[in-house]
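Per TrEMBL, the features are as follows:
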DOMAIN    25-110  domain 'Phosphagen kinase N-terminal'
DOMAIN    138-375  domain 'Phosphagen kinase C-terminal'
BINDING   141-145, H204, R248, 299-303, 328-333  ATP binding site
Amino acid sequence: MFALWYLTFAVDEIRKQDTMVDAAVLAKLEEGYAKLAASDSKSLLKKYLTKEVFDNLKNKVTPTFKSTLLDVIQSGLENHDSGVGIYAPDAEAYTVFADLFDPIIEDYHGGFKKTDKHPASNFGDVSTFGNVDPTNEYVISTRVRCGRSMQGYPFNPCLTEAQYKEMESKVSSTLSGLEGELKGKFYPLTGMEKAVQQQLIDDHFLFKEGDRFLQAANACRFWPSGRGIYHNDAKTFLVWCNEEDHLRIISMQQGGDLGQIYKRLVTAVNEIEKRVPFSHDDRLGFLTFCPTNLGTTIRASVHIKVPKLASNKAKLEEVAAKYNLQVRGTRGEHTEAEGGVYDISNKRRMGLTEFEAVKEMYDGITELIKLEKSL
């Protein structure tokens, strides 16, 4: 009888240790939370991390990788100017810390509630989209990208250096099997020649270390181990390995031929998925590091010059909002428009199919060009 009692006691103690959060982590959480609560931060983290939610989550850890609430919110605690402020250190975090993730996801993705289920993946008829700017007056370039995570691996903060290298090796060998228009070369960041590095920077291909939001989220460890870039011979197809997500798959070119660009992306995603299984959730769709990039993970964008609309930024924002578009500066998030050139993309990635997400951008850009012409 005593033996059974002792065994039960021992199992309980092990479980407690398994779920107990380190005292130093708790102290950091309490201090960071107090500073955030007292700040004038406009982040979604501050909006939804109430004292009740904080107290409910601060002692929780994810089952497999033992990620804590600090791993989830440390970027937003350090950067009070964050728009969102949270990341998922591993796929289980979306469930364990759902009390925080769910309302942020609902707010960002235009009402995707915790009772909602993301639809099955559907790229639709790729021949539907044409050129949004056939006369080449407004659209400088077009890009469609998506993020993917490799099944069986955590996200950046939990990856070991050995895992980074293992993933890079898998990605490199997978991409080397691509044929036709997608055929190209993989360039590891480790040991990259200066001339190659400069060329990739000049082409605006090379991602850099140093994003403070990602660094605060512990996403840049072991840099540049396990990171690399692949591009096809025509430089219209690109894959980033282990930048923010395990994979960023990108199709792009000059001008506004969205149809051609979208078709290339869909072909590539389907080819890669045959060789590398992706991390997917029945409710949230494709899982990635940042909650703004779940579901379809599709971001279709244009660099567009609309000088008349740009002189009335409020009007530009109003039309963009009507079509669920996001207006950013020329170099993306946290940048200004250079020479009146804006980066405009679909904002919603959840609760709709890949085809519907791209169609929102297509319809919105068509409307913006129409409006610019009429002014």
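Please read every residue number as a count from 1 along the shown chain.
Note: Cβ is positioned from N, Cα and C throughout, glycine not excepted.
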> In the structure shown, which of the binding-site residues R248, R328 has the fewest Cβ neighbours within 10 Å?
Replying inline: R328
>> Could you give me three numbers for the domain 'Phosphagen kinase N-terminal' (25-110), the DSSP helix, strand and coil residue counts?
In response: 51 helix, 2 strand, 33 coil
> To what whole number does the mean pLDDT across the domain 'Phosphagen kinase N-terminal' (25-110) round?
Replying inline: 96
>> Using a 10 Å cut-off on CB atoms, tell me which of the binding-site residues S141, S301 is the least crowded.
In response: S141
